[in-house]
Amino acid sequence: MEGVEEKKKVPAVPETLKKKRRNFAELKIKRLRKKFAQKMLRKARRKLIYEKAKHYHKEYRQMYRTEIRMARMARKAGNFYVPAEPKLAFVIRIRGINGVSPKVRKVLQLLRLRQIFNGTFVKLNKASINMLRIVEPYIAWGYPNLKSVNELIYKRGYGKINKKRIALTDNALIARSLGKYGIICMEDLIHEIYTVGKRFKEANNFLWPFKLSSPRGGMKKKTTHFVEGGDAGNREDQINRLIRRMN
């Protein structure tokens, strides 16, 4: 009987197997904790992005109301309201460059306008305005409004990530590249560009040059200036109409 009882005894679990089971259980707990932490982080980030969007919307509305109020006050006093000098331009290359001077080629390269119907944002200052004058016969440019900036970035926005052109389908892509500058989402990127913020250069360099479509209805006269009924040169606020036709 004793022999039968000994046979029925459950064999002891090897120590190595116990250790494996412990390690597996610990690993599972770590993974669950990490997953939970990531979930909470995503939730917190979504909330932050929502709050930022609300704040920017309020800021844009305030800017618009201030402009309206200033114009109204000027009219009331019998004066003309002169808005502040624009700080932002959107530049579109409209012509090829066969046979042009090396200087024009160089400026177009600096503006990152390597192909016809490429577009880029430019911070306006004395140096950049001089550059635009040099290449004016080959570009159409003007002052984009908030709607244009918004639609360009949302519809045609690509980022330069590891020297590759990547579609901005996720805020995480922006956060990874520009998070160190406090830019973590599309709304941050749009705000930095539109207001020409302190990190405009980094935000603008992150954006790949926009590849626009040929304008609906075609172009009138590429070689003639806009003020003479053509397409080239500074069209001020009218650039927004051209953007609509090409976006």
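Just so you know, glycine gets a Cβ as well, placed from its N, Cα and C.
Taken verbatim from Swiss-Prot:
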- Met1: N-acetylmethionine (MOD_RES)
- Thr16: phosphothreonine (MOD_RES)
- Lys123: N6-acetyllysine (MOD_RES)
- Lys126: N6-succinyllysine (MOD_RES)
- Tyr138: phosphotyrosine (MOD_RES)
- 7-53: region '4 X 12 AA tandem repeats' (REGION)
- 7-17: repeat '1' (REPEAT)
- 18-29: repeat '2' (REPEAT)
- 30-41: repeat '3' (REPEAT)
- 42-53: repeat '4' (REPEAT)
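On the structure: features taken from Swiss-Prot.
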residue: Thr16; record: phosphothreonine; CB count, 10 Å: 8
residue: Lys123; record: N6-acetyllysine; CB count, 10 Å: 14
residue: Lys126; record: N6-succinyllysine; CB count, 10 Å: 7
residue: Tyr138; record: phosphotyrosine; CB count, 10 Å: 23
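Each residue contributes its Cα atom, and for the residue listed as 'phosphothreonine' and Lys126 (N6-succinyllysine) those atoms are 74 Å apart.
Taken residue by residue with DSSP, the residue listed as 'phosphothreonine' is part of a helix. For the pair formed by Tyr138 (phosphotyrosine) and the residue listed as 'N6-acetyllysine', distance between Cα atoms is given as 19 Å, rounded to the nearest Å. Secondary structure counts, DSSP: the repeat '4' (42-53) has 12 helix, 0 strand, 0 coil. Following the DSSP three-state reduction, the secondary structure of Lys126 (N6-succinyllysine) is helix.
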